Amino acid sequence: MKRRDIKEAEGTTMGEQSKTPNGQAAQIWANALLLLRQHSGLTARQKGWLESITPEAVYGPTIVMCVDNPSTLQVLQTELTTPLIEALTMANGGKDLFPAFKLMPAEVAETGMMPMVRTETNDASAGAQPAASAPAPDISATATAAAAPPSAPAPKTKTAPASSPAQAAKPTPQAPATQPAAHKAAVTQGQLPIPTTIPEQHIQQGTSRPQLDPATHLNKNATFDNFVPGDSNQFARTVALAVAEGSGRDYNPLCIYGGSGLGKTHLLNAIGNYALVKDPSLKVRYVTTEEFTNEFIESIRPEGSDAKPMSEFNHRYRSVDVLLIDDIQFLSGKSQTMEQFFHTFNTLQQNNKRIVIASDVAPKKLRDFEDRLISRFESGLVVDVKPPELETRIAILRMMAETNKVDVPRDVMDLIAEHCTENIRQLEGALTRVTAQATLNNQPITRILAEQVLKDYNTNVEVKPTDIIGQVAKYFYLTFDDLVGRSRTKNVALARQIAMYLTREMTSMSLVDIGQVFGGRDHTTVMHNCDRITNEMGSKQEIYNHVMELTVRLKQPTAE
C-alpha cells in the first residue's frame, strides 16, 4: 500500500496533524454553520455575526477562529456562547470542541495567513518575565474562549492588575463506567492464581521520574511494589499480577479501563517489569497507540526512503511475548492502523502471547471500533480502575513522600488527601507545591503551610486547556499561537512547559491529548516538560511563583 493512500485514509500521523488542521477546521465550521443557520432561537442579526467567522485550525478540543472586529468578538463571547459550542460539538461528531478567537483584519483572515499577532508590550518583556502588578497585554487577537465573560479590550498601559481568567462553558463530564462488561468467565479475586511472593523489583529510589528502557520502552520505576492498592484498584492489580506472573492465561487479553491519572499506565509497566524479572528471556514491548500508529505509517514509506519496511514492523510487534498497548481509544478513525492492529492481535493470541490493553472507556464504549475487534477485547477479562478513596489517597501520598525522601507529617497528608479527590496526578501536584514551598523557604512542612499553599487550589472550578493556554499567554505577554506553535525561543519554551504542566495537573487529559492541544506534539515531549517544571519548582523560586500565580488566576471562580 502506498503511503499516499494511507495518508488519505487516516490523515497524518499524530505528530503531523498540526500541519493540516485548516481543512479539518473548515469542514467542522461548515457543518456547524449549517446547524446554526437553522437554529430557531437565533435572530437574523445574530446569524449575520456568525457568517463573518473564518476558521483557522483545530488543536485537539480547541478550534481557533478568526473575527475581523471587536464588536463581533463581543457578541460571540456573550450572546452566542451556548449555541456556538453546541453546534461545534455536534459538527465534531459529538466530541467536545471549544472555540478560541483571534482578532485580525478581514483580508488577512480570508487569505488564510496566520501571522504571529503581538502587542507592543512584548518588546518590553523579552525575558518573558511578567510584572507582579502589571496588566496582561491586549491579547484580543487570541481570546481564551467563546464563553469568556464580556469585557473591553485590555488596556495597553500598565496601570491596573490583570483580570481573572476567562471561564468557558462547562460540559458535563462523562462518568466512568463502574461495572466491567460480561466476560467468558466469572472470576473473583480469591480464585486468581497469584504467587505468594512478588520477586523483588528494583527501582531508582529518591525520584518518581520515569526511567525508560530503550529496548522495551518500559518505565523501570513503575512496579507492583510501588503501586498502592485500595478498593478502587485492588481487583485490577490482582488480575494484572496474575497476567504478569504467567498464570492468568484465561484473562488474555486483559483490558484495563478508567479515567486519566488513575494508574492504568503504571499497571501496564508493572506487568512488563514483573514479567522480565520472572523470565529475562521474554520479549516485552510497551507502546502507546500514538507510537504504534506513527511506526505503522513510517513502515510503509516508498522504497528508497530512510524508513523501515513493513516486514520489520510486523516482526517487531508479532514476535513479542508480552504486548502492552496504552490509550487504545486513539485508534478511533484510523481504519488502516486498526486493520493492522487486528492482525497483530490475532497473531499474538493464536500463539498464546500475552496482550494487555488500556483505555479510558470500556471496550463496548469505544467509538468507531469494529465489532470484531471489540469482541476480541472482551473475550478475555475487562477490569476498571476508579478514583482512589481517602485511605488509598493517603497511602499514595505516603509512598510519594518516601520515594522522594521527604518527611511529610500525617496531618498534612490528610489535608492534601481530603482536598484532592479526582486522581493520583492531582495528589502529586498538590504535594509538589507544598514540598517546594517548604524547600525554597527553608521551613518545615506543616499543616498551616499546606493550608496556605492550597487555599486557592479550588478543585470545584473546572479548567479547560483553552483557559490555561490563554491565561499563560497573557501572563508571559505571548499569544495563543506562540504556545501551540513551533517557536523554540527561551521565553516561549518556558511558558509552553508551564502551560503543559498546568494542563496535566489541572485537567483529566492524557499526555497524548495534551500533546495534540499543543500543536500535535509527542506525548514524551509533554512528559519531559512536565517533569522539568516539577523538578524546578523545588529549586527555582521564580518557577514556583509562576506556577502558583497562574494557579490562583485559573482556579478563581468566575465573577458573577
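Here the Cβ of each residue, glycine as well, is placed from N, Cα and C on the backbone.
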Which residue range, 1-22, 331-352, is the one TrEMBL calls region 'Disordered'? 1-22
Taking the centre of the Cβ atoms of Gly261, Gly263, Lys264, Thr265 as the ATP site, the remaining residues of that chain with Cβ inside 8 Å are Gly258, Ser260, Leu262, His266, Leu267, Ala358, Val385, Ile424
Confidence over the region 'Domain I, interacts with DnaA modulators' (1-154), expressed as mean pLDDT on the 0 to 100 scale, is 63
